[in-house]
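Some features that TrEMBL has for this protein:
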TRANSMEM  49-67  transmembrane segment
TRANSMEM  79-102  transmembrane segment
TRANSMEM  114-135  transmembrane segment
TRANSMEM  141-158  transmembrane segment
TRANSMEM  165-183  transmembrane segment
TRANSMEM  189-210  transmembrane segment
TRANSMEM  230-253  transmembrane segment
TRANSMEM  265-285  transmembrane segment
TRANSMEM  292-314  transmembrane segment
TRANSMEM  320-337  transmembrane segment
Amino acid sequence: MDLKFGSSRKYVSISIPSKSQAMSPHIKSVEDVLVLGINLSKFNKATQFFICVSGVFLFYLIYGYLQELIFSVEGFKPFGWYLTLVQFGFYSIFGLIELQLIQDKRRRIPGKTYMIIAFLTVGTMGLSNTSLGYLNYPTQVIFKCCKLIPVMIGGVFIQGKRYNIADVSAAMCMSLGLIWFTLADSTVAPNFNFTGVVLISLALCADAVIGNVQEKAMKLHNASNSEMVLYSYSIGFLYILLGLTCTNGLTPAVTFCSKHPVQTYGYAFLFSLTGYFGISFVLALIKIFGALLAVTVTTGRKAMTIVLSFLFFAKPFTFQYVWSGLLVLLGIFLNVYSRNMDKIRLPSVCSLWNKRMEERKTRTLSQTV
């Protein structure tokens, strides 16, 4: 229906679309949460939570196991960047397939933004994979738990932010836990190399930036997850391919992997597939239950990954790993508490003391009676 009120100078037009006109799929599916083609919105909250947590633990535990399994292949450790190249290639294919399943295939985010996101993604995943050539897998996971530290440092020096005592305490716990864990690793691990610490630290810095850039771009342009995956990883694939070609690192990696196709390409395919599925469940968990619960679940998953790493792969062990890991977990809890003080209300010392005194008075009165 079209209504127009005109004069010689101006007119007002009011248009009402007919029922046959389809809305954009981005608008139609605002309330729907699709994971691997399954609409979780049809289930109740308890079932949704069970599905999401099961997916996160299942796929990411397999992901971590396969990642460490690939680097346990004798002679593969120098080819971390080539593994990242293969992983980016698979992610691009998965993103393209998923994008074909939705109706709106338009690219919404500008190409320049994708070039920045791709560069940060390359830094995050490439440096993280390469660091496994120098560090034990548990040490790498512990470092990845401590993204808060570079975020806070950048906030202080770049944006002039001020943090509360809970955030500062969280950063201190994480820093002490990292130092203790690294010292333990350097003591008991025969192949410890400080280069790995530098690489994983740089990966953390890139990871701290990329989350904000991705979130801002997706909200500003209303882009889908599949679009973000397709373009950021395909551009990142070209970055890594150019870098390996210029540094003559492509030929040795291809030669080595061609001699061990199952242990390299086969494991890399499963490694990429489980990682792709895992992030889908994490995003669904955030969308349905919020970041607080998602952080709690992923932290538990990382702790389980470290335990399984010691069970399935032979490596030196010391109880310093346990105490330093608990310090890092305490830092993560303080960080989550700081972000959700209105939802998590911890009792103060005074309230605990008053409650104790009231209980004693009640007990004394009952005995007197």
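From the backbone N, Cα and C atoms, a Cβ is placed for every residue, glycine too.
Caution: TrEMBL annotation is automatic and unverified by curators.
Keep in mind the model is a prediction, meaning the values are calculated, not measured.
A contact between the transmembrane segment (230-253) and the transmembrane segment (79-102) is present, since 3 or more of their C-beta pairs, 6 or more residues apart, lie under 8 Å. Long-range Cβ contacts of the transmembrane segment (114-135) within its own chain (Cβ-Cβ under 8 Å, at least 6 residues beyond either end) map to 67-68, 71, 77-78, 80-81, 83-84, 87-88, 144, 185, 191-197, 199-200, 202-203, 205-207, 209-210, 213-214, 217, 228, 231-233, 235-236, 239-240.
Beyond the ends of the transmembrane segment (189-210), by six or more residues, the same chain brings 117, 120-121, 123-128, 130-136, 139-140, 143-144, 146-147, 149-151, 154, 182, 315-316 to within a C-beta distance below 8 angstroms of the stretch.
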